[in-house]
Amino acid sequence: YHFQLDDPLIQLVEDYKWINFFDFRWKLGIDGLSIGPVLLTGFITTLATLAAWPVTRDSRLFHFLMLAMYSGQIGSFSSRDLLLFFIMWELELIPVYLLLSMWGGKKRLYSATKFILYTAGGSIFLLMGVLGVGLYGSNEPTLNFETSVNQSYPVALEIIFYIGFFIAFAVKLPILPLHTWLPDTHGEAHYSTCMLLAGILLKMGAYGLIRINMELLPHAHSIFSPWLMIVGTIQIIYAASTSPGQRNLKKRI
């Protein structure tokens with residue numbers, strides 16, 4: 001691959017007409033923001049595959065689910081269409097649920113169910129935001145990132161969109177108080193699954209926050225950014241104060 005680091009435009013683009021309704025396109029591309037997460041995903045997935053070597057029960061299914069999760073994550077980081085981003089976002093949830101529920105610890109069903117309920121709840125807000133942005137202000141609905149970034153909204157509506165996207169990404173990051181699924185999930189997950197969760201899955205929330213909230217909704221972000229810094233500071237202090245007392249190493253991570 002010939003990715004030019006000094007080129008600010010989208011590179012390695014794949015753009016195909018997929019569904020006529022909504023002007024939905026299969027559009028993938030890499031830029032300076034997404035190249036880092038894409039490389040990180042490949043690196044950590046390789047390490048997680050090596051860590052899964054001792055898995056003997058249904059090992060083919062285990063590795064298939066890991067690759068399916070990998071595909072969803074790569075698709076999320078390289079999507080240039082909002083609806084495609086949502087589909088890839090949801091695609092990686094199913095493999096994670098199966099990896100947790102089939103190869104987890106004693107409370108694997110509880111942790112897997114808690115994970116899917118939290119993330120599915122956040123996905124409702126994500127879908128509402130995607131449809132709202134796609135349907136607003138044009139005769140032809142469009143979900144293209146390049147078109148949406150030039151779209152302007154009334155302040156109140158932009159704030160509503162921002163809050164919807166923020167809730168979805170806050171669950172995945174996660175941000176207090178939407179974080180309670182994370183300790184249970186990490187504590188019960190297999191080591192290789194835990195690597196994918198901590199190394200990649202949580203980064204998807206931060207990526208979405210930058211890619212959508214900051215790029216598509218800049219005015220609302222300028223209003224909320226001071227509060228986000230306060231919440232981030234509180235979260236750092238909270239994590240630093242609670243992690244030393246945690247005996248389970250995976251939960252501490």
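In case you wondered, yes, glycine gets a Cβ from its N, Cα and C as well.
Given the structure is predicted, the values throughout are model-derived calculations rather than measurements.
Copied from TrEMBL, the annotated features are:
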type: TRANSMEM; residues: 33-53; note: transmembrane segment
type: TRANSMEM; residues: 60-77; note: transmembrane segment
type: DOMAIN; residues: 79-253; note: domain 'NADH:quinone oxidoreductase/Mrp antiporter transmembrane'
type: TRANSMEM; residues: 83-103; note: transmembrane segment
type: TRANSMEM; residues: 115-139; note: transmembrane segment
type: TRANSMEM; residues: 159-178; note: transmembrane segment
type: TRANSMEM; residues: 190-210; note: transmembrane segment
type: TRANSMEM; residues: 222-241; note: transmembrane segment
Closest-packing stretch to the transmembrane segment (190-210), where packing means Cβ pairs under 8 Å, from 33-53, 60-77, 83-103, 115-139, 222-241:
33-53
Distant-in-sequence neighbours of the transmembrane segment (60-77), which means Cβ under 8 A and at least six residues beyond its ends:
28, 34, 37-38, 41-42, 45, 48-49, 52, 84-85, 87-96, 98-99, 102-103, 192-193, 196, 200-201, 204, 207-208
